[in-house]
Amino acid sequence: MGIKDWPEGEGPRDKLLQKGAGQLSDAELLAVLLRNGLAGLNAVDLARSLISEFGGLRNLLCAPRNQVCRLPGVGPVKYAQLQAAAELARRVAQENLQRGQVLTNPDLTRDYLMRQLADRSYEVFAVLLLDSQHRVIQFVELFRGTIDSASVYPREVVSLVLEKKAAAVIVCHNHPSGIAEPSQADRRITERLKNALATIDVSLLDHMVVGDREIVSFAERGWIN
């Protein structure tokens, strides 16, 4: 049965308007974005099948286009709608950490970095630039791909810091595997960056590794002195 044939108020769009988006299941929210299903499968059923196929919303939203569009009922238009929704969520998070904001709340930083990096299917190394009062200057993605001690260049980080006149930085990167535990390569990168930044009297406050559901802080583990 198509959603249009459901009793009034029971469809996901009606339910959202009457009760609020927070009352919808993952499949119902996804169905609102998909708008319609395909022959023999309404939008909610299609949404459930997609969530099941990819093992969750996060995996679905960060899956490559060719993997999503190969499935029945999902073409370029629906893929674009899903990507637009994911990008809007990231931009909302970015607005929550605006230029000039003082970083006094570690949870705000964690939430921001989680939203920016947790859903990436590839590794990203980024720098959060701060002034002498620990106010945000800018968040910059510097490197993409396999992040190891050979692919992160301290001189590029130093060059960016000098260009933006930052006084302190927090570096971060994600693990697409979802496991946030830092590797030995991560620790080597951190030591090289700390030493390079020290030559220009800039503090490395932390290196945060973003996983699927957690963030590991080098500072909290006592790995940055």
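Glycine is no exception: its Cβ is also placed from the backbone N, Cα and C atoms.
Feature list (source: Swiss-Prot):
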- His173, His175, Asp186: Zn(2+) binding site (BINDING)
- 102-224: domain 'MPN' (DOMAIN)
- 173-186: motif 'JAMM motif' (MOTIF)
The number of other Cβ atoms within 10 Å of the Cβ of Asp186 (Zn(2+) binding site), counted over all protein chains shown, is 21
Comparing local Cβ density (other Cβ atoms within 10 Å) for the binding-site residues His173, His175 points to His173
Asp186 (Zn(2+) binding site), DSSP three-state class -> helix
DSSP puts the residues of the domain 'MPN' (102-224) at 38 helix, 36 strand, 49 coil
For the domain 'MPN' (102-224), the averaged pLDDT of the predicted model is 88
